[in-house]
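Noted in TrEMBL for the protein shown:
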- 1-16: signal peptide (SIGNAL)
- Thr196: active site, nucleophile (ACT_SITE)
- Arg224, Val225, Gly226, Asp227, Thr247, Gly248, Asp249, Gly250: substrate binding site (BINDING)
Amino acid sequence: LLLVALQLAGAASAAGLPVVINTWAFRKAAETAWRVLQLGGSELDAVERGCGQCEIDQCDGSVGYGGSPDESGETTLDAMIMDGNSMEVGAVADLRRVKNAIGVARKVIEYTKHTLLVGESASLFAVRMGFPYEDLTTQNSLSLYSKWLNQSCQPNYWKNVVPDSSKSCGPYKRPEKVTCKEEETTSQRSVHNHDTIGMVVIGASGTVASGTSTNGAIHKIPGRVGDSPIAGAGSYADSTAGGAAATGDGDIMMRFLPSYQAVEYMRMGTDPTVACQKVISRIQKYAPRFFGAVICANTTGSYGAACNKIPGFTQFHFMVSSPLLGQPTEQVVDCI
């Protein structure tokens, strides 16, 4: 089984269990992962190749090179991959000038005793592993950056600074006297200003693998790392229980480790749909207007999804594929 959420993609397992994936731009990634499984590849292989396909195709501009420039105009990448048998995780964050982020994350598992590498050092590691340096900037990302600068750098992620971050590009500094203002909501920024491809694959023997890849929040402060490369936040895999993946406002969602929590609910016997809903409800108590969704799958092949209802985001679309269906089929859940 392969499970995927909004701006998340997935594939299915050769075992005949279903697979969940996102629509349009992410369909090819799901098909790629599915094909890997059909040809005898492992669950980790499927996650790596499926997410890697999205990186190549720049899925929705939210994955891979040429999208989501930060405040300095640079595109950086975050990715992780997790083996639910060994509980090993490989991840990279703030990766620069290397396109195949999920591939580098896989190498962290295979060739180091570490879990997460970041920034320039992650890029140097990637080169040692044989990945080429490549420019992640495109005309599209330059255009996004230029338009943002012309709008006085709106929206951005600063607060309680001078000059007023809602009217100026800065440079910002801490004021002598801090007057805290209510934090701007994600929906005010943009419902679709950042997203992720996330996959959960469950094989014939119940082996679970998961992974994510993203270029992060658009116009983020350089150095920002969201939920995607963090195990338990962006995704989580445990072959004794199941897997989950999350998408949306990573700065909020990562504080609750939603993917880990969803898997723990399923371990206790909770239905995957209910597990997803319980995770969303926990976050709602603290951030009622957050943008986000979670997809869950257990080792028996049951799956579900849930999302938080806000203006402009009332339903969550995802895809399911299995040998019985023959091709990815779109499904929809109403947000809660």
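Yeah, the Cβs are placed from backbone N, Cα and C, and that goes for glycine too.
Least crowded of the binding-site residues (Gly226, Gly248, Gly250), judged by neighbouring Cβ atoms within 10 Å of its own Cβ: Gly226. Rounded to a whole value, the Cα-Cα separation of Thr196 (active site, nucleophile) and Val225 (substrate binding site) is 13 Å. Residues listed for substrate, Arg224, Val225, Gly226, Asp227, Thr247, Gly248, Asp249, Gly250, cover a largest CA to CA span of 16 Å. The binding-site residues under consideration are Asp227, Asp249. Their Cβ neighbour counts within 10 Å are lowest for Asp249. Neighbour density at the Cβ, taken as the number of other Cβ atoms within 10 Å, is lowest among the recorded positions Thr196, Arg224, Val225, Thr247 for Arg224.
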